[in-house]
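Feature list (source: Swiss-Prot):
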- 24-343: domain 'Enoyl reductase (ER)' (DOMAIN)
- CYS51, HIS73, GLU74, CYS168: Zn(2+) 1 binding site (BINDING)
- ASN52, LEU194, GLY196, LEU197, SER216, THR217, SER218, LYS221, ARG261, VAL280, ALA282, SER304, THR306, ARG351: NADP(+) binding site (BINDING)
- CYS104, CYS107, CYS110, CYS118: Zn(2+) 2 binding site (BINDING)
Amino acid sequence: MAGESTQVDLSVKAIGWGAKDASGILHPIKFSRRTPGERDVKIRVLYCGVCNFDMEMVRNKWGFTRYPYVFGHETAGEVVEVGSKVQKFKVGDKVAVGCMVGSCGKCYNCENGMENYCPEPNMADGSVYREQGERSYGGCSNVMVVDEKFVLRWPENLPQDTGVPLLCAGVVVYSPMKYMGLDKPGKHIGVFGLGGLGSVAVKFIKAFGGKATVISTSRRKEKEAIEEHGADAFVVNSDTEQLQALAGTMDGVVDTTPGGRTPMSLMLNLLKFDGSLILVGAPETLFELPVQPLILGRRKIIGSSTGGLKEYQEMLDFAAKHNILCDTEVIGIDYLSTAMERIKNLDVKYRFAIDIGNTLKYEE
């Protein structure tokens, strides 16, 4: 039952990198993971992605970080051991783990493949295992032990180093676009922001067979948006004339910028009748909601957070089929503190991935 705590055999020695307090200083942290059970998969971690969420969790921005904190919700590696009742995986398989390592399994959301909206989730990077009383540590470590249900099969033709950030950036944009029917050919979709999320959103839109228009604050990103990511058009969000010309032309808009920075009325004005505005950037402050454009155009606003296990797997398979990867800088573990500072200063294009397999070793 949720809330119960029982003794767990913690025999798997592990080492990760994380924080001991909210100072932002990172250290090697030794800890133990549970002995693999009959349905568990033991994974040798090879790569772990790093994003803005990790940087903010390290510093306890939202007030619920539990220290010592080992981050990591974008993890890829290979199977080194399986439990006696594991059916999906064998030793040597390439696998991945996203933001979740458990859920209640009984609520409406879990029963309908939306485990990420379970009210009692076990997050990979820091929540407790409510049924077992075990502390959870993230994927920035040499090894993980995870229930096979929450382990994803990694496509053979998808590189793990530049693909591992898809476990955050990829699913965050893939899930709501598919849910809102924007994965159909011919759809015109606007993307606000061309960072880690926006650049991947453009790639998915083009693979769906859609038209992608990037709206950014910086004219400098125009060449990159069109030539590197395949966007069909680019608009600076201060160009009111161009934006007015696009009014009522888009089936959907995906706002990947930090919430509240882009006027809601501006984004809603771009939508066709029945169009959808998707928000994936969390606002730090309240913002005004203009209701009239919603009423007069039957437009919709939705928020979205990652995806269910089925969506995760679909996203990875789709990315492999269409050669969708993230713009990724691969680093060693010793560069992690510098990487976190660069994320804080918006000095990365667009994601970091740590080469865990070659740079993080457990030593007695």
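Glycine is treated like the rest: Cβ placed from N, Cα and C.
Taking a C-beta cut-off of under 8 Å and a sequence gap of six or more, CYS118 (Zn(2+) 2 binding site) has these contacts in its own chain: SER103, CYS104, CYS107, ASN109, CYS110. Following the DSSP three-state reduction, the secondary structure of CYS110 (Zn(2+) 2 binding site) is helix. GLY196 (NADP(+) binding site) sits 9 Å from CYS51 (Zn(2+) 1 binding site), taking the C-alpha atoms as the reference points. Around SER218 (NADP(+) binding site), the same-chain residues at least 6 positions away in sequence with a Cβ under 8 Å from its Cβ are VAL236. A separation of roughly 14 Å, to the nearest angstrom, links the Cα atoms of ALA282 (NADP(+) binding site) and CYS168 (Zn(2+) 1 binding site). When Cβ atoms from all protein chains are considered, those within 10 Å of CYS107 (Zn(2+) 2 binding site) total 15, not counting its own. The Cα of CYS51 (Zn(2+) 1 binding site) lies closest to that of THR306, out of the binding-site residues SER216, ARG261, THR306.
Most Cβ neighbours within 10 Å, among the binding-site residues CYS104, CYS110, CYS168, ALA282: CYS168 holds that distinction in the structure as shown. In this view, ASN52 (NADP(+) binding site) is surrounded by 19 other Cβ atoms within 10 Å of its Cβ, with every protein chain counted.
Remark: of the binding-site residues HIS73, ARG261, the most isolated position is ARG261 (fewest other Cβ atoms within 10 Å of its Cβ). The secondary structure of SER216 (NADP(+) binding site), as reduced to three states from DSSP, is extended strand.
Every protein chain shown contributes to the tally, and the Cβ of SER216 (NADP(+) binding site) ends up with 22 other Cβ atoms within 10 Å. Nearest by CA distance to THR306 (NADP(+) binding site), out of the binding-site residues HIS73, GLU74, CYS168, is CYS168.
According to DSSP, ALA282 (NADP(+) binding site) sits in a coil region rather than a helix or strand. According to DSSP, GLU74 (Zn(2+) 1 binding site) is assigned to coil rather than to any helix or strand.
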